[in-house]
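S.K.: The region 'Disordered' annotation in TrEMBL covers 1-29, 490-540. Annotation source TrEMBL lists transmembrane segment at 34-59, 119-136, 143-161, 258-276, 310-327, 339-363. Look at TrEMBL and you will find 490-504 tagged as compositional bias 'Low complexity'.
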Amino acid sequence: MSRRDAGRRTRASRTPRPGSSASSERKPTPSLGLFHPASLVVILVAFGCVALSTTFVLYETDFWQQLAAGRAIAQLHRVPTTQLWTWPTYGAPDVNSSWGFEALIWPIWEAAGVWGLYAWRWSTALLALGLGWAAARTMGARGLTPLVVVVLGALTYRQRAHIRPESLAGVLFALEIWVLEAWRQRALGAGPTPSTPSPPPRFGGEALGFGVPLVAIALVWANAHLSYFLGLGLLAAHLIESRFAARGGGSAVRARGLLIVAGAALLVSFVNPFGWRALSQPFSFALAERREPIYQSIPELGPLDLATNLRNLLPIVLVGWPVLALWRARRLGFDRVEALLAVGTIAMALTSHRFLGFAMVAATPYLGRDLDAWVRTRRWPRWTARSSSRAALATSACVLMGLPEWSRPDLPFGIGIRMQEFPVAACDFIAAHGIEGRIFNQFYFGGYLLHRFWPDRGRLPFIDTHQAGTPSLRAAYSRALLDERAWHDCSTSSTPTRLSRSCSWTTQQHSTRGARGPCESSRRPRPTGCFPRGRSPRRG
């Protein structure tokens, strides 16, 4: 026998047979328990990365008006249904679909200040993405990979992690996904383990056990944010899926229960201080208002800019999620709920940056489940079977993929408010010199003006942060920013006294250049053009 034949025989003898122990190495490594030390380490690191992603200095302007409205609700002991925020429309009927969030955030600010706002950011981000992880586990993803997906989603979600009502809506969206997936898994007979399947569901028990929290979510959502329709759309997606499942021999009980729950959720959405007018807001914006110049000038209402979303690995989510969904469909069957959510949320995020956070909330559970399933089909080196190695790989992935996004200079790490963004010195000057009158302002300053001066009717802004008012008023505002004559026409309508917009700009520049800090000015701003017409300054 030649040396070559001997080598071939040796290699052949090392080839594992189908029943040998070597072939068993191809089987997926058993998942670690939830309370295994390695799992706890990865959970701690992943949630720490989520908190780190949302720990940057506050700069957006909306939350000042949210605080002002929350203070008004607390002081008036009711939800205002008339316009109290701007002088051109004062007393007119008003619709505030975010009153629930505002009533909730004001006591937090009053009790804990800036630290309270950050506690809100951390808790809502952890809940929105953590519930996605819980949903992935409910769907069978028990590995460490879904925790890596949680961090991946947080790198993009941080752009929307502001003190806004959509932070509460994100939690409601994630909670609804979790409840609905738990209901679906129960209908499929998936118990805690394959050996202990769930008992056959009963209509009454299912409708109460899963339907009550879903209806409660719809009620809270309709009173907290105008994105309530996402929750109803999610119910519709599960209803469609349940109908197909029932035709294929699945549970008809769940299909009937979902139909009743969806109808109840729609009805309770009308239980709000503004009735149908609050529910019509997203549709009136989509059909008409979004074409107005003032809305077209707001970047977050425009299409998604992928070029500015490379550090956060957003393209991996936008491409990887559909690809893995198709891979799973070929191996395990088509998931209609996942397909509808992926198409819907990704399309909305691409057309409007404002929906990007909701897309990450929707992607987290399904991308986590699909990626976990894909990872389990791969062959990995033997050393990765150790729990310590798997924990090290997962924690390293969480930290390393976040470094580019966390180092962005425009989102500096820290706890505080970037007061340079607001007309602090202008408001200080107005208050110190007793100036009053009808202010013409840029809309993004409206919230801070309300925070400083409401309920003083003599110092209300022309327009607020939410661009409240009639279409003609918003059009006049847009023209006034481009044409001085249009500004004079706008400011003299209804014979108002006025504060010039140049005053706001000048004093803001002084406030940002002060040597003593962002909230102080190094010298008095010039009062040129700031005194109300026909009045002298009111001395305090």
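Glycine is no exception: its Cβ is also placed from the backbone N, Cα and C atoms.
Because TrEMBL annotations are produced automatically, they should be read as predictions rather than curated entries.
Here the structure is a predicted model, which means the values were calculated and not measured.
How about a rundown of where these features are and what they're close to?
M.R.: Within the same chain, residues 31-32, 38-39, 42-43, 46-47, 49-50, 53-54, 56, 121, 124-125, 128-130, 132-133, 136-137, 167, 170, 309, 311-314, 316-317, 353-354, 356-357, 360-361, 363-365, 367-369, 371-372, 375-376, 390-391, 393-394, 397-398, 401-402, 405, 411 sit at least 6 positions outside the transmembrane segment (143-161) and bring their C-beta atoms closer than 8 Å to a C-beta of that stretch.
Within the chain carrying the transmembrane segment (310-327), a Cβ under 8 angstroms from the stretch's Cβ atoms is held by residues 152-153, 155-156, 158-159, 335, 338-339, 342, 346, 349-350, 359-360, 363, 366-367, 370-371, 374, 401, 404-405, 408, all 6 or more beyond its ends.
A Cβ distance under 8 Å defines the sequence-distant neighbours of the transmembrane segment (339-363), meaning residues of its chain 6+ beyond its ends; these are 128-129, 132, 149, 153-154, 156-157, 159-161, 166, 169-170, 173-174, 177, 227, 230, 233-234, 237, 240-241, 299-305, 317-318, 321-322, 325, 329.
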S.K.: Using Cβ atoms and a strict cutoff of less than 8 Å, what residues sit near the transmembrane segment (34-59) while being 6 or more residues removed from its termini?
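M.R.: Residues packing against the transmembrane segment (34-59) from afar: 114, 117-118, 121-122, 125-126, 129-130, 137, 144, 147-148, 150-151, 154-155, 157-158, 161-163, 387-388, 390-391, 394-395, 398-399, 402, 405-406, 411-418, 421.
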